[in-house]
Structure formats: structure tokens, C-alpha cells
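Colleague: Please read through the structure below; I'll follow up with questions.
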């Protein structure tokens, strides 16, 4: 290797020293010879054999040459001592020395002699000197010879070297030119510094300096380049960018990392980068040209504008940009988010656009670098000149940028930390000048009301109505203030403001007292509401503030326009402050603001009047068009968006918000932010106007901050009488004008602000004129307080606006006069306290902000707005306002809440539910209490029993101990409830109440979309969804893949209701197709061919679409071993493939590629192969391409790479192995310098490299300045951890967050599968999440783990005719004994026991739900009801003995013909013990039906039908069941409703096809569940009727689910009708035993008696009577007994059935 000159000098010195000591410096290590010789290069051109010295030349003499190893060089090339005799007087000497023998071809040292030619004829070697020679190779691979030379014995002897001709003076040898050239290369242009570029391959940013030189091939010209920064060199840069360059490499790059501040160098950003160049020849480095300087390039961050001029209230844009790209890491992912945050500071005169996230900074993203414009733009920053409403002149401010903190990252390619280019850089400041806008305009209307225009014109108008107070006519500015006035002042009927509305853009704020009316003004409270043009929330740039007394409110708009509303006992005083931009652009009662009072009475048309009333009337607002009346105002399309900005003062004093661009007059003391309630009419009105389909719940304003008050009647003054006329002295109190003046002046003088304001130059008695006028009209001296407030307002305005009056506060900030703040107290403490530092210190026993209340007194509550009702569908009902007197804003202001259960209008206080909650003071008469979450609309019917109506009793306390009276707050669900004050709630028609939850018609079950609220079917349970369209498969049904392919294909299905679908294979699926979600997974291998599977797509309700899918395995069409690859432009699974063809081309790889077409074989014949070729060489060449001569053995590169190869006779010879390797030149092996401490100089860890080594540190450490430092792999993204990384010395460990487990590689986190334990029960599917899981339950189950069964019998209109039985996950219908389920599994049908089991021994007769056994006439029925035996009386004694107790079937001859064998029911009892009784008739005990029942077919069982139906409304009112009403038989309500129902049922059947068979009904009971009616119906004994016939008669009579009768109308649930045959009924439940019906009979006894007489006559002659006789006759013919009497029937008493 080449040593530095310093090392060479050192070695030469050592050499000379050793020689002087008699040591042989040629005897050195073989490894050191070449380096020593190279550094002892002799370059004297006169040693050339071509140089003949002239007469003036000094001859060379080597007798002083020190013995040692040397190398010769000429014309930049190694030269050697000639091997032939050289003539005398050549080589610059008299006796030249030449080498007697050849030079060696390998690296071994050889001994040779040099001869001196003295010119002796025939003797070219007169003297000999012994030398040694070694063949060497320099770092560039060029061979040279090292000579161990000794000094000559005499003078004029010198060693010859080379044969070049030396150049003349002023020139040097141009090796590449082959002739002498000028001493330095010629430069005609300055170098060029190119703009920086970012290289995303190496992840570097570089500047490039380009040398301008007209040669492009290396002519040995060299160029030394340095980079300068503001013309200053930096060592670290020059060391890293060492040149020289050459004509083939004319550029040098500067790594921009050196621009950023780092541990060992300073930041160079903000400087101009340039480069300087000097040229020289390669071999003449000491001779350099003059310096050539490039262009300069500023590196840093600049702004498009160096200074900004901004009008107050306006803005400008600050655009910073970087002139240099930068990187934050060495990968593309990091580059996307790579940025630097530039923080800025400014004083409070200026704000910057931004929010709490961006705050006072702008971000510069590396990805924004534009290589064409050579800049990366930062985020634009909007700079606002704050509108301060002060007269402070133009102000000069500075935007100051903070220093960018030190930033560095680990560069894995360089294996070192590198700085961000902007690390430590501070951008230059930007000057901002704010242009003062001037003082704001001030207009006011006070007391009754007296107006002062913007120009100062004073006037009074006493009118009722709505007026334009102030409106801006500035272009694109929609701003307006409107006022309402009411009668005030008692009998004088003065007019005062009672409401003010402010609109800017699309936002409106209203302060309203008018809603209570003047008669209730003592209890008036301000409603502060807002409206917007679309019903959305108020702009965040609009704010409302209140003072400590909660009687003054300041409405602050984004334009800095401020409206102050001060509430007093008469109404509202209104102050408007207009920004200077509205000068000459105002109209309304505030006049034209132009400095001319003469034109202030300008009317809307532009004409000017001098009459106050004419002027006032001209600004009256037409009815229904004011901001108060319009629910959804027209939209302002030019309204600016709200601006969020930050005040960026020094330090961390950063305030961000939407009101930072405009200052407020804080000197007035109205500085407490207050909430504004949304007008509910605004929401509803805009939803209606915009035809929105959204519900209130889904609107942007589902909030409790809503005003739901009804619209009140306002007196627009259409019939206003003439204005009152006042006089002195006043008529009642005899107040004189002097008295009034004195009182007004004293009121002002007694104010703690009077002297302070007078000292500020305020005319404190200016309000006296208006004060005196008010006393003249009202005779109320208290009105002077309002004019004291007017004086205070004027004082605080001057104190705030006139900055010349400002004082410096303790924090060094200029503030308005502190005396103003210290003496400004609400109402001057009501004369019950002292004003100390702006707050009242009250005298005992007073308290409150203005000392107007007595301590310990609880507030006096008045009411809760909206009648104390809250609809959960319109707002959350988590807080409520309370209107009260005597409220005090204190930390102990508290609300107390008590739960109240409300059912059927009854209120039950929940014991132990008391709790206190937070409270917010809205005004001096209104608080907002926080409420707990009510049970209304919580949960679902499947999960729990809900609540339709719930209440809280609410009270309020000032001190947390003494509470007011309680008021009831009621929460209800308006979907199915109509509630009025009380509360009185009723059920809405066409809605469902399901387990305490409200649902509208068509609403789905929250837990089961397949069920809906369908009131026409059931209003207390969900019904199955009647219309559910099935999903449709729309994807292709033919799936194709090539053999061996793993195919994933998507199944596309559309559900008409957009419900989720489930995809499954319903066929055998013997081919292993799997489905994951909506994708087929076909991974199994199949032979070429097709098979079919049935694919089913179903929705959650079971509707489905099934189609046959054909799965085809095709052979790959690619030929010649080509590979089928899915066509990326086509859908998968449709048989679209492209071929990859190694060695072939064409669509199907059908054409082989001929690689011989390019003639690759130089000296031979090419043989084409598949995907390749072979060369067959001729006899004179070898090699892959036949490109090497046969004699050129070195052409095959037999030597180790980098080792010289020489062709020799019969073969080749390799030189020595490269340095750091050992071997024979053919094979070389790396020398491991790290194997021994003696072969390396590493301080810590030695790392072997091919041919060398390098010092480094242990893994996990980095070498910096000979020290090993730990690399924080976690901080610099060098770890392989997938989630969490923990650094430690030299390494790191990986960790995982909750829900993950560290994998086997200890680096990757594997998500824990919480579903692995199958936690979901009852068929629920588990969905794994991060550290969690969720269960999707099957129908019928709910709960976190699907562990809770849904009781479908409670919530579902299951349709069971009889009973519903809940089962796990489902339900079943059941039937009573004797019935079974039909195929629909819901309705019941009779079981014909006589057909299925025949339980009787003789005769079986089927009945509804049972059967009757009977016997032939010669047998009697046993007590078991099924067995017939011979009666005991018919058996002879001997036969009886002979039978020995065995019952024999008697023959016809046992008894005489026509002999009756009556049953003795006293012994065997009656078959129907409940409905039959045993009576004696003509000495026989027989069974007959009890009263009200008739004998059914079969003769033993009495027959009746039970019926049930549900009522929802009765006579238009919600059907409500109460225990003491319908639940109490005999009550008047029970009697009335029972008669009405009975009349309706009678009317139904008497008008039906069953009228001939119908015999009456009775109402048994009313039950809860809406109202359930239990009743019975009766038909003639021979009526063969089914249950469905009885039900159809009732259902067909319904009109809109309504039953009508003479006494009323009821609405029923048709699906609730249930009719079933009755087998038995307890005697005590019979209708005739019911006291109710006995009472009914007694009510009209006279009428009943008449009816009975007439009925008896009719009955004896009726066909029914005859039919009964025929039946009895037929029974005689069958030898059967009539259980109503004797067989003849006609001789016994009339049967009960005959009474009909």
C-alpha cells in the first residue's frame, strides 16, 4: 500500500540511521520489501536511457545513494533498470549502470549484478555492483520491481531507469497523452454545485459538486475538491469527501448528514453550501491550479415571505419550506412519516392556525420533497392578527422559531448513528406587523328603552314588538341583532327589552325573558338558547359568558362582534359592540355608523326621518319572520368556517381554541363561560325542512342541553295604545324632577366605581338624563341601578380600549387599570357588603355574589321546564334544569335525587335511593342537575324486564344541607307512551309494549332481527317477520382450477335487506371443499374432471338460496413444462391463467427460444438447447464462448482472482497471492489476522475480513472514538421484536402486550386464541380479538357466553293456541289433555280416543278433548266410566252365587223387554261430578245438568266453550287493569265492562251464521296484560262446531281490530283470541253462582219477570221444545236414560236447556 509522505520520510530516516550504523537495510522482511521500495520511489526523468546530458547539465552520481530498497518511476509509470548495455553519457551520467540478467517473474528475491559502462571498447561491464531484485504489485494491481541498491564506488555513475524522453521546463509528462503537457490541466469553467437529492436505495441525501473539464477519458488530470459552508472549510466534511477526481469521475458527493448538528460537529444548516476545485496531474500532485469556485446553495428552512403585514381581524399564510430533503430512518415505511416539528412563538397580538394537537408548530414532512422545485413545503400556517378592540396603533411582532432539537437515528448500512440534517438548526425569525383596525362602535338600548346609536345620537321609543337593533350590510357578512320588547312599568305600560337575538353566519344565540310575560316578570329567568340553519350544534367559535351575579351575559361572535345583555327587574339592557369593518355598513335602531348623527334615522329604503316613532316603526320585523320565530333559518352560504387557532407565547403558555383570533373586553367582569341550550324546535324544524330521515337520537344534537319549551304567545304590539305621557311631580309618589336628579346622581356617586371612572376621564353622570326620565314614568327609584350599570359599562370600555391607561401587572404584562378590576363588584354588593379586589365581602347575614340573599335559606323551586317530562328518544335525560329563586353560585351548590317508580299512574318512592349530584348554574334563576341513568330504554326484552316510565324527585341546596322542596322529573319512552304533566301516560296505538320496552310498528327485536313489532298481530310480544326476502347468489357457479393448485375463491351473495349471510355446503362434500366466511378453500388435489356440490346461502331468519356449483379441475394448458399462473387481471376460479415459460415463448409456451440467434460463440458453432446453448469450438480456441486462444492458458483464468497469470512455454505461471492471503497463486487462502493478538491491533474485538481485518465491538455495541457504546436496538428500530422491546447491555429482549404470547423465536408475539377453549355456549360462534373474544349467539340465546336462554314465550308472538313452554334456545306449543298439536306445531286438534285406543268396553262417543263411554240398555256403566256390567237387580240369587262375583255380560233375555234398569246415582255417582247433580225423580236417583248447562251428545258430559281475548283500548282510552277496578268482581267498573263485553259477544254471534245455535255468554274475569277478558259461550246440544268456527265468527266481525256494541267500542289483539271446549268447571265458578250476575238479575227484576212469562209461553210452542222431545224419544228407543228426568222426558220438570 502507498504510505503517506510523513511515513515515507520516517522510514527513510530510519533507513539512513541504520545505514550509518553499519546495518544492511536491504535485509528486511520479505513482506516489507515492496512497501519500502514503493515509498522510496526515484522519479528523476534524467535516468532515462533516452536522455543525453548537455554541456550545461549536471551529471548524476549515485555514490551518495544510501543502501536500501528502491523503485523507479518515469512519466507516472514504474520503470526498470535496462537489461542491455547503455552507451556512455546517457541516463544523465557519464557511466550508466544497467542490469546484467533478466528480471524475475515471480515474487522471490533474486541476486543480480549491474554493470557500469565506462566506454571501454568491447567492455560494456567495466565495473559490477551486486544488487537484489524483487517483483512487486502495488495496490492497483500494477507490477513493479524493487531494487536493493548500493552507492556507486565513484562519481558520475548512476543507475539507469526507463527510456522516456524528459519534458521541457514548464511541462510535465502526460502519460495518457504520450507527450509533455502543461504543468496543470486546463480549466475553462467553474465547478457546479447541484441541488441536493435523496437516494432511496442507500437512504442518503447528497449534494454533488461537478467539475467542468472537457475530457471524458482519464488523461491523468486530477481535481481536488472541497466543500465550503459560507466559504468556511470543515475538517469532518473534507475528510469524508476526499478527492481527487478525474475526467471519468468528475463529481463528488457530500453526505448531507454533515449539515446536522452531531456529537462531534456543529450544525451547518442556515449556511450557503459551495465547492472549490483545483486541478493537477496525477503524478504531480504538488503542482495545483488556482481555485475555481462553484455556485452557492442555501441549505436550511426559509419562508416565502420574510415579513407579513396583517390587518386586525384578517390573516395571512406563512409558508415555510426546506431547501434540503431529509430522512429520519433508512427504510421507506419510516420515510412516509418522517417529519420535523418547527415550534414557533409569538406575542398575544398574533395567533396561529392550529389546534391542541398541532398547537404552535408546523410540521415539515420529508415525503413532500419536490425534486423539480428543490423544496419540501411545510404545512401552511395561517397567521391571524388578533382583533383586540383596542386603540393601540400598528404593532410590530416577531414569529420566533425554536431550535430543532438534536435528532439522530441508526443507519444500518453504515452501522452508525447519523444525525438528522436539521438537528440543532434554528430558522430565521419572521416579522409580523399588525395594522390597527381602530376603536369598535358602541350602540346601546337600556331600560324602557333609551337608545344611543353608534354615532352617539340619543332617543327613546316606547313600542311593543320585534325590531332590528343592528344589522351589518358589509359584503358577504350576515350579521344581525334583533330585540323584542314587552310592557313594563306596571300601569304606565312602558316598553322594555325582554329578549335579544344575535345572528352571525349560520349561528343564532337568543337571551329571552319574554317567555314568562310581564305579569310574571318577578320570576322571569333568562332562557339562553341557540339555533343553527341546519339544526346542528352551535359553531365552536361562538361563546357566551356570564358575570358572577349571573345576570349579565356576553355573546361573543367569531368576528369579535360582542352583544351584552344585562338583566334587571324591568327587562334587558342591550349593548352592541361592532368591529371597525362595519363602519359605514350598519342599519337598524343603532343607526348608520359614519360619524354623522344627522343621518342616523335612516329607514330601510334609505330615506331619513326626524321622527323617533317613524324611525322605530320602520325597523319593525314582520310577524313570524324574526330570529325568535323562525325555527329553521335560511342558510348563509358565505359563512366562513370556524377558525381554530393558538396563542403561542414564550415558554409553554399555549392557548388553543376557536375564539383566539378575537379578544374580549375582560374588564367588564363577564368572564365565566356558560352553556347554551339547543332549541328543540330548531332541531325538529330543520329535520322537517331538510326532509331528513334521521331521528332525533341520530341527529348531531341528542343532548340534554336542549330547550323543549313550547312556543309562547308574544304581543307584537299590533294594538298598542298611544305612548304614556308623564309629568312632574309624579302622580302617585309626588317625586319631583329635582328629587329624581338627586337620587340618580347619588346612586352613581355611591357606586364604588364612580371615583375610579371619574379619574379615567369618564363622564359618570351621563346616564342621569335617562335615569330621570325612567323615574318620571315608573316612579320606581330602584331603576337607578340600571343606569349605574350603564356608567360602569362606559368606564370598563374606556379602561379596556385605551391602552395608554394600562398598567404593568405583577407578571410584567400590561393590563387595564387595576383600580377598575378591584372596584367592579356585582350590583355594588347590593349595599350589603364591601367591594374588595373585585369581589363582594358580605355583611352578616348576607351572602351570594352580590350580597342579595340571606344565609341558610334554601332555594325556592318554581318548576322544571317542559312540565317535568323527558322523552328518552329526544334526549338522554341525564340532567334537568330547575327554575328557582335564591340560588347561590358556590362549591356547595348541590342537587338531591330520589328514585320514583311509576306504574299505572301510581308513584312509589324507592327507599334508600337518595343521592346528591353535581349541579351547573345557568343563570341567577336556573340550575342544571345531573341525574343517574334511568332504567328506561336500558337493555332489551330478551334480557330483562324493562321500564316504560320512571321518575326522580329533585331538590336543590345552596349549602348542601338545606334543600328546597322536591319536584318530580319523569322520564318516558315516547315510542309507545303519551305522557302529560302529572305524569299521566297512555299507550299509543299501533305500538308494542313488550316486557316494559316500547317498539314502533315494524321495529325489529334488538336481539333477533327476524322478529318485529306488529301490533295488528300482537302488541305485547314480537311477531315473526312476515316478509323476509332470501339472499341471492350472484357469483359464477362454475369454479375452475388447474391440477395441484390451492384455490381461494369468493362467493358473492346479495341480501335484499342487507343482512349478513352464512354460506355452507349442504351436499355430501366428499371432495374436501372448505368455506371460510365468504370464501371457498379448495386445496385438495383432484384428477382432471368435474364434480358438483350444493352451496347454500342463508340469512339469519332461515331464508336461503341454494345453487349447484360445478368444480372443475383442468389440465394446465402450458406446454414444454411451462407453469400456469393465475391471471392477475381476471377473477380467481374462472379458469383464467397465463403461462410462465422458461426457455420458451408464446401464449402456451409453444415456441422454443433460439439462444444461438445472438451468435454467442466467437470461434465455434452454437448448438441451441432448451433454455440455453452450447458452443463447439474450433481447434484453436477454448472457453464457454470459444473466445480464448488455445495457447492463451491464462485466458481461462486459472489463477486465484487478482493474481497475475503469465503464459509460459507449455503452460502458465501464477504470481503471488494477494496480501492477506497465502498459497501458490492458483489456490489462495485467507490469512486470519484475528487468530493471534500479534497479527492485529484491535482494541476490543477483531473481525476477520477477506485479505484483512477490522476492529469492532461485541454484538450490540458500536465503536466510536475508540470506545464501545451500547446500541439501543429498541430506540432505533434495530430489534426484531414484533411488539414490545426492552433494551439491555449489548442486546435486547422482546415482550408482548396482554393477549399475546412470545413465540418460540422469542421475537414474534403470537396472539392468544381466546376461542381455543370454546367459551361460547349453546352453539354460539366465537370471534377472537386482541386480549378478548366475543360470542355471536344463535337464535334463542344471549349473554356474554350465550349462556342465557331467551324466554320466547314472554317476548314472542309464538302463536300457540293453548300453552307455550320455553325450552333451551327455543320454545314449544302444548295442548291440554285430549288434544294434540297439528302439523303447524301451534294449533291443537281433538284426539279421537274412540279411534286411537277405544277405552270403552261397549259404546264409545268422542267429545272435544275427551270421550264418553255408554252401555247397552241391559248393562250399566261402572264408576270407572268405561266398563259396562249387568245390573245386580237383574241377576238371580242362584246365578249370583254361581257367578261367585264374576260380572257377566247379560243377554237380552235377562230382563224383560222394555224393562228399564235405572241407574242409582246415589250409589255410583254422576259421571260429571262438577256439572251434574244427582236428583230424585219419581223415586229414582238420576243425574241431570246443573242450571245453565245442557245435556251433550252421549248423555253424560255437559259441554261449554272457554274463550279469552286481549283488549288494548276501551272507548278510545288505553286499556288499563287495576286490582280495585276490573280486578274486583262487583265493582262498578267490572259491571260496566262485563255488560259491554257480553253485549258485544251476543251481537257477534247473533249476527253470524251460528245464530240459530248460539245460546249466550258470560264474562268470568278480567286479568292484567293490557286487559285480558275470560268469558264463556254456550250453544245448543246438537251443534257440531269446531273451535275455528267459533273463532272465525268473532274475527270476521272485526273492523280494524275493533268490536262495537251499544255501550262502547274496544280494540282487541286478534291473535290473542283463544277458544277451547270446556270439560269441567268447578261449581263455585259457575256463572249463575257469581254474585255479579245475581246483582245483574236484580237490577231489572220487573223486566226479567216479564221476560220469563213471555219466554215460557214461547218455549212451550217452540220448535226447540219439539226437538228436545224427539231427542228424548230417540233415547228411549236406544234404551238409554235421559239424565234430565225420566225416559219419557215430557212428564218430568222442564230441563234447564228448555229455559232458553
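We number each residue from 1, going along the chain as drawn.
Yeah, the Cβs are placed from backbone N, Cα and C, and that goes for glycine too.
Checked TrEMBL, it gives:
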- 1112-1150: domain 'EGF-like' (DOMAIN)
- 1152-1187: domain 'EGF-like' (DOMAIN)
- 1190-1229: domain 'EGF-like' (DOMAIN)
- 1270-1310: domain 'EGF-like' (DOMAIN)
- 1311-1347: domain 'EGF-like' (DOMAIN)
- 1349-1389: domain 'EGF-like' (DOMAIN)
- 1390-1429: domain 'EGF-like' (DOMAIN)
- 1501-1624: domain 'SEA' (DOMAIN)
- 1-22: signal peptide (SIGNAL)
- 1636-1660: transmembrane segment (TRANSMEM)
Colleague: Find the average pLDDT over the domain 'EGF-like' (1349-1389) in the predicted model and report it.
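Modeller: Across the domain 'EGF-like' (1349-1389), the average pLDDT comes out at 85.
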Colleague: Could you pull out which residues elsewhere in the chain have a CB under 8 Å from any CB of the domain 'EGF-like' (1190-1229), counting only those six or more residues past its ends?
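Modeller: Sequence-remote neighbours of the domain 'EGF-like' (1190-1229) are 105-107, 135, 137, 141, 143, 1179-1183, 1250-1252.
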Colleague: For the domain 'EGF-like' (1349-1389), find every same-chain residue at least 6 residues outside the stretch whose CB is under 8 Å from a CB in it, and list them.
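Modeller: The answer is 941-942, 994-995, 1005, 1007-1008, 1011, 1014, 1017-1018, 1021-1024, 1322-1323, 1338-1342, 1408-1410, 1587, 1615, 1618, 1620, 1623.
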Colleague: Going by DSSP assignments with H, G and I as helix and E and B as strand, what are the residue counts for the domain 'EGF-like' (1152-1187)?
Modeller: 4 helix, 15 strand, 17 coil
Colleague: Report the DSSP secondary-structure composition of the domain 'EGF-like' (1349-1389) as helix, strand and coil residue counts.
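Modeller: Residue counts in helix, strand and coil order: 4 helix, 17 strand, 20 coil.
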Colleague: For the domain 'EGF-like' (1112-1150), what are the DSSP-based totals of helix, strand and coil residues?
Modeller: 0 helix, 14 strand, 25 coil
Colleague: Would you mind splitting the domain 'EGF-like' (1190-1229) into helix, strand and coil residue counts from DSSP?
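Modeller: DSSP composition of the domain 'EGF-like' (1190-1229): 4 helix, 13 strand, 23 coil.
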